[in-house]
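Asks: One structure, as structure tokens, below. Some questions next.
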Amino acid sequence: MTVGIVEEKSITFQTDLRLESGRILGPITIAYETYGILNADRSNAIMVTHAWTGSAHLAGRYCESEQKPGWWNEIVGPGKLLDTNRYFVICSNVIGSCFGSTGPASINPKTGKKYALTFPVITVRDMVRAQALLIDHLGIERLHAVMGGSMGGMQALEWATQFPDRIASAVILATTPRPSAQAISLNAVARWAIFNDPTWKKGEYRKNPRDGLALARGIGHITFLSDESMTAKFGRRFSAKDGQFDFFGQFEVERYLNYNGYNFVDRFDTNAFLYLAKALDLYDVAWGYESLEEAFAQVKAPMQFFAFSSDWLYPPPQTEEMVRMLKKLGKPVEYHLINSAYGHDAFLLEHETFTPMVRDFLKKAGA
């Protein structure tokens, strides 16, 4: 069963949020969706946190004709992993994004114009502090769980370290305590693609720049896949529409990247892409602490980690570093290494590989 037709909601907070940079952002609008019913003692809420280019549209459809359901539709609904007969599931769009929450494409109330590059640099920690405002608004004192993959996993880490008394458990998939130099360098090249697109106009564009963002998305998309998955899907096949010795002829993998890159341009704001890339690069769960050990000393909730064998963006050793530290500190932690050919995106594509473990973990968290 599915959650059916859903509605996006939003709330605007007139209070200012002091950011990690020291700058002030306000008012703040947060777009969110909820699924299921909050129980009488408000103890069954699960916050699902999205990745880089995700949104609050976690599951269901806005109308019958909507082509695709929410981005993790397979795990949310009656009888599914996040059973809406049991849990009240929340997903909000992070600040800095472009799907309803305040970001660089939003109107600055002080100027009446889009923020563009006057928008302050935000961090993952800032995103989570904004989410805490939403949870307060919903009247929830303590979340049953926070669950997310990739940048969503970073948000779950921040909930565990910054709001340790407000979560009962955390499920973290395909993430890292801090992006590596390689991960940062790939985002840097993606930024160059945008900066060198003349239609970007230093962020003051009227129409979303196409070529720079499409190329940047193509670079990012490669990091989400793996050699195994790309070989299986495309191999070295040449596009049937092109002659092999046509200078501009494309391999199937080229055509795929081209299609997905330009399709992305139609749904995502370029400046938001840049701001969230910066937030990813800046991320360090130990920011503000002397060490990872000191950061994880704050953790109180049981934590469950998943890494995927072919993920080369945030490879398993990065997850294992966190697990070792939590074990050293005597914190309750589970770790599962999933054998997968789908690379970083495995957490989105192979939910059946982790569903049984997460279901049991969530039940224990509520025991």
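A Cβ is built for glycine as well, from the same backbone N, Cα and C atoms used for every other residue.
Look at Swiss-Prot and you will find S150 tagged as active site, nucleophile. The active site annotation in Swiss-Prot covers D311, H344. The substrate binding site feature in Swiss-Prot is assigned to R217, D345; the stated evidence is sequence analysis. The feature domain 'AB hydrolase-1' is assigned by Swiss-Prot to 44-350.
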Asks: What count of other C-beta atoms do you get within 10 angstroms of the C-beta of S150 (active site, nucleophile), across all chains shown?
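Replies: Neighbour count, Cβ to Cβ under the 10 Å cut-off: 27.
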Asks: Do you know which of the recorded positions D311, D345 has the most other C-beta atoms within 10 angstroms of its C-beta?
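Replies: Of the recorded positions D311, D345, the highest Cβ count within 10 Å belongs to D311.
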Asks: H344 (active site) has how many other Cβ neighbours within 10 Å of its own Cβ?
Replies: 24
Asks: Please report the number of other Cβ atoms within 10 Å of the Cβ of R217 (substrate binding site).
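Replies: I count 23 other Cβ atoms within 10 Å of it.
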Asks: Kindly state the mean pLDDT of the domain 'AB hydrolase-1' (44-350) in the predicted structure.
Replies: 97
Asks: Rank aside, I only need the closest one: which of the recorded positions S150, H344, D345 has its C-alpha nearest to that of D311 (active site)?
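Replies: Of all the candidates listed, H344 is nearest in space.
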Asks: Tell me the Cα distance separating S150 (active site, nucleophile) from H344 (active site), rounded to the nearest angstrom.
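Replies: That comes out at 8 Å between the alpha carbons.
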Asks: So, in DSSP terms, is S150 (active site, nucleophile) helix, strand, or coil?
Replies: coil
Asks: Whole-number Å only: compute the distance from the Cα of S150 (active site, nucleophile) to the Cα of D345 (substrate binding site).
Replies: 9
